[in-house]
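Structure first, commentary second.
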Amino acid sequence: MTDRTCLSIVLAAGEGTRMKSNLPKVLHRVAGLPLVCHVVNAVRGTGKSDVALVVGRGAEDVRSAVEKIAGPVSAFEQKERLGTAHAVLAAREAIARGYDDLLIVFGDTPLIEAQSLLAARERLAQGADLVVIGFRPASPHGYGRLIEEGGQLVAIIEEKEATDEQKKIGFCNGGLMALRGQHALALLDAVGNDNAKGEYYLTDIVAIAHGKGLNVTAIEVPVDNVIGINNRAELAEAETIWQNRKRRELMLSGVTLIAPETVFFSYDTVIEPDVVIEPNVFFGPSVHVASGALIHSFSHLEGAQVGEKAEIGPFARLRPGADLAEKSKVGNFCEVKNAKVGKGAKINHLAYIGDAVIGASSNIGAGTITCNYDGYNKFKTIIGDNAFIGSNSSLVAPVEIGDNAYIASGSVITADVPADALALGRARQETKEGRAKILREKYAAIKAAKSVSK
(Lines of atoms letter the chains of each structure in order from A and count residues from 1; the text may use other names and numbers.)
(Lines give C-alpha, C1' and ligand atoms only; values in the text may rest on other atoms or scores of the structure.)
Protein backbone atom coordinates (compact mmCIF):
# COMPACT_ATOMS: atom_id res chain seq x y z
CA MET A 1 0.00 0.00 0.00
CA THR A 2 2.97 2.28 0.54
CA ASP A 3 3.10 3.19 -3.15
CA ARG A 4 -0.52 4.39 -3.19
CA THR A 5 -0.89 8.15 -3.48
CA CYS A 6 -3.10 9.86 -0.94
CA LEU A 7 -4.79 13.20 -0.40
CA SER A 8 -5.93 13.97 3.13
CA ILE A 9 -8.69 16.56 3.31
CA VAL A 10 -8.74 18.18 6.73
CA LEU A 11 -11.99 19.99 7.46
CA ALA A 12 -11.10 22.96 9.66
CA ALA A 13 -13.64 25.63 8.71
CA GLY A 14 -16.09 25.25 11.60
CA GLU A 15 -17.06 28.41 13.48
CA GLY A 16 -16.54 26.83 16.90
CA THR A 17 -19.02 29.18 18.57
CA ARG A 18 -19.41 26.91 21.60
CA MET A 19 -15.76 27.45 22.46
CA LYS A 20 -16.67 31.10 23.16
CA SER A 21 -13.27 32.22 21.93
CA ASN A 22 -11.68 34.66 19.52
CA LEU A 23 -9.30 31.85 18.58
CA PRO A 24 -10.43 29.45 15.83
CA LYS A 25 -11.55 26.20 17.42
CA VAL A 26 -8.95 24.05 15.70
CA LEU A 27 -6.14 26.20 17.12
CA HIS A 28 -7.01 25.42 20.71
CA ARG A 29 -4.41 23.07 22.12
CA VAL A 30 -4.10 19.60 23.55
CA ALA A 31 -0.68 18.75 24.98
CA GLY A 32 0.63 22.05 23.69
CA LEU A 33 -0.26 21.41 20.03
CA PRO A 34 -3.24 22.83 18.08
CA LEU A 35 -6.05 20.34 17.58
CA VAL A 36 -5.71 20.42 13.81
CA CYS A 37 -1.99 19.65 14.04
CA HIS A 38 -2.69 16.47 15.99
CA VAL A 39 -4.95 15.42 13.13
CA VAL A 40 -2.34 16.24 10.49
CA ASN A 41 0.29 14.28 12.42
CA ALA A 42 -2.03 11.27 12.45
CA VAL A 43 -2.56 11.59 8.71
CA ARG A 44 1.18 11.76 8.11
CA GLY A 45 1.55 8.61 10.19
CA THR A 46 -0.25 6.62 7.49
CA GLY A 47 2.54 7.23 4.99
CA LYS A 48 3.15 9.84 2.33
CA SER A 49 0.08 12.04 1.95
CA ASP A 50 -0.63 15.46 0.54
CA VAL A 51 -2.76 17.67 2.76
CA ALA A 52 -5.67 19.83 1.62
CA LEU A 53 -6.84 22.13 4.37
CA VAL A 54 -10.41 23.45 4.23
CA VAL A 55 -10.47 26.65 6.27
CA GLY A 56 -12.85 29.39 7.34
CA ARG A 57 -12.37 31.84 10.20
CA GLY A 58 -8.73 32.57 10.94
CA ALA A 59 -7.70 30.88 7.70
CA GLU A 60 -4.13 32.19 7.61
CA ASP A 61 -3.50 31.38 11.26
CA VAL A 62 -4.78 27.84 10.77
CA ARG A 63 -2.70 27.33 7.66
CA SER A 64 0.41 28.73 9.35
CA ALA A 65 0.00 26.39 12.33
CA VAL A 66 -0.28 23.34 10.09
CA GLU A 67 2.65 24.34 7.89
CA LYS A 68 4.92 24.60 10.93
CA ILE A 69 4.66 20.84 11.37
CA ALA A 70 3.84 19.60 7.86
CA GLY A 71 5.48 22.04 5.47
CA PRO A 72 3.52 23.67 2.63
CA VAL A 73 -0.11 22.58 2.32
CA SER A 74 -2.93 23.49 -0.03
CA ALA A 75 -5.59 25.58 1.70
CA PHE A 76 -9.12 26.10 0.40
CA GLU A 77 -11.64 28.48 1.91
CA GLN A 78 -15.22 27.37 2.47
CA LYS A 79 -16.97 30.69 2.01
CA GLU A 80 -20.44 29.38 2.85
CA ARG A 81 -21.33 26.77 5.46
CA LEU A 82 -23.52 24.42 3.43
CA GLY A 83 -22.67 21.08 5.00
CA THR A 84 -19.81 18.62 5.21
CA ALA A 85 -19.97 17.43 1.59
CA HIS A 86 -19.89 21.06 0.49
CA ALA A 87 -16.83 21.57 2.69
CA VAL A 88 -15.02 18.64 1.09
CA LEU A 89 -15.79 19.99 -2.38
CA ALA A 90 -14.08 23.24 -1.45
CA ALA A 91 -10.94 21.21 -2.16
CA ARG A 92 -12.19 20.13 -5.61
CA GLU A 93 -9.04 21.42 -7.28
CA ALA A 94 -6.87 19.15 -5.13
CA ILE A 95 -9.18 16.13 -5.52
CA ALA A 96 -9.09 16.54 -9.29
CA ARG A 97 -5.33 16.03 -9.35
CA GLY A 98 -6.04 12.31 -9.11
CA TYR A 99 -5.04 10.27 -6.07
CA ASP A 100 -5.39 6.59 -5.29
CA ASP A 101 -6.80 7.31 -1.82
CA LEU A 102 -8.68 10.15 -0.18
CA LEU A 103 -8.86 10.53 3.57
CA ILE A 104 -11.52 12.88 4.94
CA VAL A 105 -10.86 13.92 8.52
CA PHE A 106 -12.00 16.63 10.91
CA GLY A 107 -9.66 19.21 12.38
CA ASP A 108 -11.30 19.02 15.80
CA THR A 109 -10.66 15.30 16.48
CA PRO A 110 -7.17 15.44 18.03
CA LEU A 111 -7.25 11.91 19.44
CA ILE A 112 -7.48 10.10 16.10
CA GLU A 113 -4.58 7.68 15.81
CA ALA A 114 -2.56 6.97 12.70
CA GLN A 115 -3.24 3.24 13.01
CA SER A 116 -7.00 3.86 12.71
CA LEU A 117 -6.55 5.87 9.52
CA LEU A 118 -4.06 3.33 8.23
CA ALA A 119 -6.61 0.55 8.75
CA ALA A 120 -9.06 2.48 6.56
CA ARG A 121 -6.46 2.93 3.82
CA GLU A 122 -5.60 -0.75 3.99
CA ARG A 123 -9.25 -1.60 3.30
CA LEU A 124 -9.04 0.53 0.16
CA ALA A 125 -5.91 -1.33 -0.90
CA GLN A 126 -7.81 -4.59 -0.38
CA GLY A 127 -10.57 -3.53 -2.77
CA ALA A 128 -13.02 -1.33 -0.87
CA ASP A 129 -14.25 1.80 -2.63
CA LEU A 130 -15.48 3.64 0.46
CA VAL A 131 -14.60 3.03 4.10
CA VAL A 132 -16.39 4.70 7.01
CA ILE A 133 -14.74 4.84 10.41
CA GLY A 134 -17.22 3.76 13.08
CA PHE A 135 -17.24 3.25 16.83
CA ARG A 136 -19.38 1.70 19.56
CA PRO A 137 -20.17 4.18 22.35
CA ALA A 138 -21.59 3.15 25.72
CA SER A 139 -24.82 4.80 24.62
CA PRO A 140 -25.49 5.29 20.89
CA HIS A 141 -28.21 7.89 21.51
CA GLY A 142 -27.72 10.95 19.32
CA TYR A 143 -25.31 9.35 16.86
CA GLY A 144 -25.88 8.33 13.26
CA ARG A 145 -26.18 4.54 12.92
CA LEU A 146 -24.20 2.48 10.45
CA ILE A 147 -26.63 0.21 8.59
CA GLU A 148 -24.97 -2.97 7.31
CA GLU A 149 -26.34 -5.76 5.15
CA GLY A 150 -24.38 -8.82 4.15
CA GLY A 151 -21.06 -7.34 5.23
CA GLN A 152 -21.64 -4.16 3.26
CA LEU A 153 -22.42 -0.70 4.62
CA VAL A 154 -25.59 0.47 2.91
CA ALA A 155 -26.46 3.73 4.65
CA ILE A 156 -25.90 6.07 7.57
CA ILE A 157 -29.16 6.91 9.32
CA GLU A 158 -29.30 9.85 11.69
CA GLU A 159 -30.96 9.37 15.09
CA LYS A 160 -34.02 11.45 14.31
CA GLU A 161 -34.69 9.48 11.12
CA ALA A 162 -33.97 6.02 12.54
CA THR A 163 -36.66 3.43 13.19
CA ASP A 164 -36.98 1.88 16.63
CA GLU A 165 -35.18 -1.19 15.32
CA GLN A 166 -32.34 0.87 13.82
CA LYS A 167 -31.93 2.76 17.10
CA LYS A 168 -30.92 -0.53 18.70
CA ILE A 169 -27.82 -0.61 16.52
CA GLY A 170 -24.71 0.19 18.57
CA PHE A 171 -22.33 0.75 15.64
CA CYS A 172 -22.18 4.52 15.05
CA ASN A 173 -20.74 6.92 12.51
CA GLY A 174 -17.41 8.44 13.51
CA GLY A 175 -17.54 10.91 10.63
CA LEU A 176 -14.13 10.09 9.16
CA MET A 177 -13.90 8.35 5.80
CA ALA A 178 -11.52 6.94 3.25
CA LEU A 179 -12.50 6.57 -0.39
CA ARG A 180 -10.99 5.54 -3.63
CA GLY A 181 -9.89 8.65 -5.49
CA GLN A 182 -11.30 7.61 -8.85
CA HIS A 183 -14.86 7.73 -7.44
CA ALA A 184 -14.51 10.77 -5.19
CA LEU A 185 -15.82 13.62 -7.34
CA ALA A 186 -18.64 11.58 -8.83
CA LEU A 187 -19.90 10.60 -5.38
CA LEU A 188 -19.54 14.07 -3.90
CA ASP A 189 -21.24 15.76 -6.85
CA ALA A 190 -24.17 13.36 -6.50
CA VAL A 191 -24.95 14.55 -2.97
CA GLY A 192 -28.09 16.69 -2.90
CA ASN A 193 -29.49 19.16 -0.39
CA ASP A 194 -33.09 17.97 -0.21
CA ASN A 195 -33.33 18.17 3.56
CA ALA A 196 -34.67 20.53 6.22
CA LYS A 197 -31.49 22.59 6.39
CA GLY A 198 -30.79 22.63 2.66
CA GLU A 199 -27.26 21.37 3.30
CA TYR A 200 -25.04 18.82 1.56
CA TYR A 201 -24.25 15.97 3.95
CA LEU A 202 -21.15 13.84 3.49
CA THR A 203 -22.93 10.87 5.04
CA ASP A 204 -25.19 10.66 1.97
CA ILE A 205 -22.35 9.32 -0.16
CA VAL A 206 -22.67 5.94 1.58
CA ALA A 207 -26.14 5.27 0.15
CA ILE A 208 -25.09 6.78 -3.19
CA ALA A 209 -22.02 4.54 -3.42
CA HIS A 210 -24.02 1.47 -2.41
CA GLY A 211 -26.62 2.32 -5.04
CA LYS A 212 -23.88 2.38 -7.67
CA GLY A 213 -22.79 -1.11 -6.68
CA LEU A 214 -19.53 0.02 -5.10
CA ASN A 215 -17.81 -1.85 -2.29
CA VAL A 216 -18.72 0.11 0.85
CA THR A 217 -17.57 -1.01 4.28
CA ALA A 218 -16.96 0.21 7.82
CA ILE A 219 -14.20 -0.37 10.34
CA GLU A 220 -14.41 -0.02 14.10
CA VAL A 221 -11.98 2.15 16.08
CA PRO A 222 -11.79 2.95 19.82
CA VAL A 223 -14.34 5.51 20.97
CA ASP A 224 -11.73 8.06 21.99
CA ASN A 225 -10.33 8.18 18.44
CA VAL A 226 -13.37 10.03 17.11
CA ILE A 227 -14.07 12.42 19.96
CA GLY A 228 -14.77 15.88 18.55
CA ILE A 229 -14.07 19.05 20.51
CA ASN A 230 -16.90 21.58 20.70
CA ASN A 231 -16.41 23.32 24.04
CA ARG A 232 -13.85 23.84 26.80
CA ALA A 233 -15.14 20.91 28.84
CA GLU A 234 -14.57 18.53 25.92
CA LEU A 235 -11.15 20.11 25.39
CA ALA A 236 -10.23 19.25 28.98
CA GLU A 237 -11.53 15.70 28.51
CA ALA A 238 -9.38 15.29 25.40
CA GLU A 239 -6.35 16.56 27.33
CA THR A 240 -6.97 13.95 30.01
CA ILE A 241 -7.24 11.13 27.48
CA TRP A 242 -4.11 12.26 25.63
CA GLN A 243 -2.10 12.52 28.84
CA ASN A 244 -3.21 9.08 30.02
CA ARG A 245 -2.15 7.59 26.69
CA LYS A 246 1.28 9.24 26.95
CA ARG A 247 1.77 8.21 30.57
CA ARG A 248 1.01 4.58 29.77
CA GLU A 249 3.24 4.64 26.69
CA LEU A 250 6.17 5.97 28.72
CA MET A 251 5.72 3.60 31.64
CA LEU A 252 5.57 0.62 29.27
CA SER A 253 8.80 1.87 27.67
CA GLY A 254 10.67 1.83 30.99
CA VAL A 255 9.99 5.23 32.57
CA THR A 256 8.98 5.40 36.24
CA LEU A 257 6.14 7.79 37.05
CA ILE A 258 5.55 7.70 40.80
CA ALA A 259 2.18 9.44 40.55
CA PRO A 260 1.30 9.32 36.84
CA GLU A 261 -1.87 11.39 37.07
CA THR A 262 0.14 14.40 38.35
CA VAL A 263 2.70 14.51 35.53
CA PHE A 264 1.88 16.36 32.30
CA PHE A 265 3.65 15.98 28.97
CA SER A 266 3.70 17.86 25.68
CA TYR A 267 3.08 16.41 22.25
CA ASP A 268 6.81 16.04 21.52
CA THR A 269 8.20 15.08 24.94
CA VAL A 270 10.91 12.40 24.73
CA ILE A 271 11.76 10.46 27.89
CA GLU A 272 14.26 7.62 27.69
CA PRO A 273 14.09 4.40 29.76
CA ASP A 274 15.15 4.38 33.41
CA VAL A 275 14.16 7.99 34.00
CA VAL A 276 12.34 8.53 37.30
CA ILE A 277 9.78 11.34 37.50
CA GLU A 278 8.36 12.31 40.86
CA PRO A 279 4.85 13.77 41.32
CA ASN A 280 3.72 17.16 40.01
CA VAL A 281 6.08 17.75 37.09
CA PHE A 282 5.19 19.64 33.90
CA PHE A 283 6.87 19.21 30.52
CA GLY A 284 6.40 21.97 27.96
CA PRO A 285 7.31 21.52 24.28
CA SER A 286 10.72 20.32 23.09
CA VAL A 287 12.05 18.43 26.10
CA HIS A 288 14.35 15.41 25.86
CA VAL A 289 15.35 13.57 29.02
CA ALA A 290 18.12 10.97 28.72
CA SER A 291 18.30 7.62 30.46
CA GLY A 292 18.82 7.50 34.21
CA ALA A 293 17.85 11.09 34.94
CA LEU A 294 15.85 11.97 38.04
CA ILE A 295 13.20 14.70 37.92
CA HIS A 296 12.06 15.75 41.37
CA SER A 297 8.64 17.11 42.24
CA PHE A 298 7.28 20.50 41.19
CA SER A 299 9.74 21.00 38.34
CA HIS A 300 8.83 22.75 35.07
CA LEU A 301 10.76 21.94 31.89
CA GLU A 302 10.42 23.51 28.45
CA GLY A 303 12.77 23.46 25.47
CA ALA A 304 15.38 21.62 27.53
CA GLN A 305 17.83 18.77 27.05
CA VAL A 306 18.60 16.72 30.16
CA GLY A 307 21.61 14.40 30.05
CA GLU A 308 22.06 10.90 31.40
CA LYS A 309 21.84 10.60 35.19
CA ALA A 310 21.24 14.32 35.60
CA GLU A 311 19.14 15.47 38.54
CA ILE A 312 16.51 18.20 38.39
CA GLY A 313 14.62 19.87 41.23
CA PRO A 314 12.59 19.86 43.31
CA PHE A 315 11.05 23.20 42.33
CA ALA A 316 13.41 23.73 39.38
CA ARG A 317 12.63 25.51 36.14
CA LEU A 318 14.39 24.69 32.87
CA ARG A 319 13.59 27.17 30.12
CA PRO A 320 14.28 26.96 26.36
CA GLY A 321 17.93 26.39 25.55
CA ALA A 322 18.79 24.69 28.83
CA ASP A 323 21.24 21.90 27.97
CA LEU A 324 22.37 19.77 30.89
CA ALA A 325 25.18 17.28 30.49
CA GLU A 326 25.58 13.89 32.12
CA LYS A 327 25.39 13.81 35.93
CA SER A 328 24.81 17.54 36.22
CA LYS A 329 22.41 18.90 38.80
CA VAL A 330 19.95 21.79 38.92
CA GLY A 331 18.39 21.86 42.35
CA ASN A 332 15.58 23.56 44.21
CA PHE A 333 14.44 27.03 43.24
CA CYS A 334 16.88 27.31 40.34
CA GLU A 335 16.12 28.63 36.87
CA VAL A 336 18.27 27.82 33.84
CA LYS A 337 17.70 29.45 30.45
CA ASN A 338 19.75 29.19 27.23
CA ALA A 339 22.69 27.73 29.10
CA LYS A 340 24.96 24.71 28.79
CA VAL A 341 25.71 22.98 32.07
CA GLY A 342 28.74 20.70 31.89
CA LYS A 343 29.20 17.15 33.08
CA GLY A 344 28.93 16.87 36.84
CA ALA A 345 28.34 20.59 37.35
CA LYS A 346 26.10 21.55 40.26
CA ILE A 347 23.63 24.40 40.61
CA ASN A 348 22.08 23.21 43.82
CA HIS A 349 19.81 25.99 45.02
CA LEU A 350 18.42 29.49 44.60
CA ALA A 351 20.19 30.48 41.37
CA TYR A 352 19.45 32.05 38.00
CA ILE A 353 21.70 30.92 35.16
CA GLY A 354 20.87 32.53 31.82
CA ASP A 355 22.85 32.83 28.57
CA ALA A 356 25.77 30.97 30.06
CA VAL A 357 28.21 28.09 29.76
CA ILE A 358 29.04 26.23 32.96
CA GLY A 359 32.10 24.00 32.78
CA ALA A 360 32.36 20.41 33.93
CA SER A 361 32.39 19.80 37.70
CA SER A 362 31.90 23.47 38.53
CA ASN A 363 29.93 24.35 41.66
CA ILE A 364 27.52 27.27 41.59
CA GLY A 365 26.68 28.50 45.07
CA ALA A 366 23.26 29.41 46.42
CA GLY A 367 21.98 32.79 45.32
CA THR A 368 24.25 33.07 42.27
CA ILE A 369 22.87 35.25 39.49
CA THR A 370 24.15 35.69 35.94
CA CYS A 371 23.26 39.30 35.17
CA ASN A 372 22.74 38.80 31.45
CA TYR A 373 20.47 41.67 30.36
CA ASP A 374 21.00 45.43 30.30
CA GLY A 375 17.47 46.25 29.16
CA TYR A 376 18.42 46.07 25.47
CA ASN A 377 20.77 43.14 24.84
CA LYS A 378 21.61 39.74 26.28
CA PHE A 379 25.22 38.96 27.20
CA LYS A 380 27.02 35.71 27.92
CA THR A 381 28.67 34.36 31.05
CA ILE A 382 31.31 31.65 30.60
CA ILE A 383 32.50 29.62 33.58
CA GLY A 384 35.32 27.12 33.09
CA ASP A 385 35.78 23.62 34.47
CA ASN A 386 36.06 23.00 38.21
CA ALA A 387 35.28 26.60 39.09
CA PHE A 388 33.68 27.50 42.43
CA ILE A 389 31.20 30.35 42.61
CA GLY A 390 30.53 31.40 46.20
CA SER A 391 27.02 31.99 47.46
CA ASN A 392 25.17 35.21 46.69
CA SER A 393 27.47 36.18 43.82
CA SER A 394 26.40 38.31 40.86
CA LEU A 395 28.21 37.68 37.57
CA VAL A 396 27.71 40.73 35.35
CA ALA A 397 27.90 39.63 31.72
CA PRO A 398 29.76 39.65 29.46
CA VAL A 399 32.25 37.97 31.75
CA GLU A 400 34.47 34.88 31.70
CA ILE A 401 35.68 32.90 34.68
CA GLY A 402 38.57 30.53 34.07
CA ASP A 403 39.12 26.91 35.00
CA ASN A 404 39.58 26.24 38.71
CA ALA A 405 38.86 29.88 39.59
CA TYR A 406 37.29 30.75 42.93
CA ILE A 407 34.74 33.52 43.44
CA ALA A 408 34.31 34.67 47.03
CA SER A 409 30.79 34.73 48.43
CA GLY A 410 28.84 37.93 48.00
CA SER A 411 30.97 39.16 45.10
CA VAL A 412 29.83 41.27 42.17
CA ILE A 413 32.07 40.19 39.30
CA THR A 414 32.34 42.65 36.41
CA ALA A 415 35.70 41.65 34.90
CA ASP A 416 37.15 38.39 33.63
CA VAL A 417 38.76 36.11 36.20
CA PRO A 418 41.79 34.06 35.05
CA ALA A 419 42.18 30.35 35.67
CA ASP A 420 43.16 29.41 39.24
CA ALA A 421 42.52 32.97 40.47
CA LEU A 422 40.56 34.08 43.52
CA ALA A 423 38.24 37.04 42.91
CA LEU A 424 36.59 39.17 45.58
CA GLY A 425 34.16 41.85 44.50
CA ARG A 426 32.57 43.19 47.65
CA ALA A 427 33.02 46.01 50.18
CA ARG A 428 35.23 45.29 53.18
CA GLN A 429 33.30 44.57 56.37
CA GLU A 430 33.53 47.20 59.10
CA THR A 431 32.59 46.28 62.70
CA LYS A 432 31.83 48.97 65.33
CA GLU A 433 31.73 47.45 68.79
CA GLY A 434 28.95 48.61 71.11
CA ARG A 435 27.18 50.54 68.40
CA ALA A 436 24.16 48.19 68.38
CA LYS A 437 23.32 49.08 72.01
CA ILE A 438 23.44 52.81 71.24
CA LEU A 439 21.14 52.34 68.23
CA ARG A 440 18.61 50.30 70.22
CA GLU A 441 18.42 52.97 72.94
CA LYS A 442 18.07 55.74 70.37
CA TYR A 443 15.26 54.03 68.45
CA ALA A 444 13.42 53.05 71.66
CA ALA A 445 13.43 56.69 72.79
CA ILE A 446 12.03 57.85 69.45
CA LYS A 447 9.27 55.22 69.62
CA ALA A 448 8.37 56.21 73.19
CA ALA A 449 8.19 59.89 72.27
CA LYS A 450 5.76 59.08 69.45
CA SER A 451 3.53 57.12 71.85
CA VAL A 452 3.33 60.05 74.30
CA SER A 453 2.43 62.52 71.55
CA LYS A 454 -0.56 60.38 70.57
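Just so you know, glycine gets a Cβ as well, placed from its N, Cα and C.
What Swiss-Prot annotates here:
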- His349: active site, proton acceptor (ACT_SITE)
- 11-14, Lys25, Gln78, 83-84, Gly144, Glu158, Asn173, Asn230, Arg319, Lys337, Tyr352, Asn363: UDP-N-acetyl-alpha-D-glucosamine binding site (BINDING)
- Asp108, Asn230: Mg(2+) binding site (BINDING)
- Ala366, Asn372, Tyr373, Ser391, Ser409, Arg426: acetyl-CoA binding site (BINDING)
- 1-232: region 'Pyrophosphorylase' (REGION)
- 233-253: region 'Linker' (REGION)
- 254-454: region 'N-acetyltransferase' (REGION)
C-alpha spacing of Asp108 (Mg(2+) binding site) relative to Lys25 (UDP-N-acetyl-alpha-D-glucosamine binding site), in angstrom:
7
Which value in Å gives the longest Cα to Cα span across the acetyl-CoA site residues Ala366, Asn372, Tyr373, Ser391, Ser409, Arg426 as recorded?
22
Between the binding-site residues Ala13, Gly83, Gly144, Asn173, Tyr352, which lies closest to Ser409 (acetyl-CoA binding site), Cα to Cα?
Tyr352
Under an 8 Å Cβ to Cβ limit, what residues of the same chain, 6 or more beyond the ends of the region 'Linker' (233-253), are close to it?
19, 28, 30-31, 110-111, 224, 227, 260-261, 263-265, 269, 271, 273
Site of maximum Cβ density within 10 Å, from recorded positions Lys25, Arg319, His349:
Lys25
What mean pLDDT score does the region 'N-acetyltransferase' (254-454) have in the model?
97
C-beta crowding around Tyr373 (acetyl-CoA binding site), within 10 angstroms:
12
Give the sequence-ordered list of residues that share a chain with Tyr352 (UDP-N-acetyl-alpha-D-glucosamine binding site), lie 6 or more positions from it, and have CB atoms under 8 Å from its CB.
Cys334, Glu335, Thr368, Ile369, Thr370
For Asn230 (Mg(2+) binding site), identify the closest of the recorded positions Gly144, His349, Ser391, judging by Cα separation.
Gly144
Of all the binding-site residues given, namely Ala13, Gly83, Asp108, Gly144, which is spatially nearest to Arg426 (acetyl-CoA binding site) at the Cα level?
Asp108
Would you mind reading off the Cα separation of Tyr373 (acetyl-CoA binding site) from Gly144 (UDP-N-acetyl-alpha-D-glucosamine binding site), to the nearest angstrom?
60
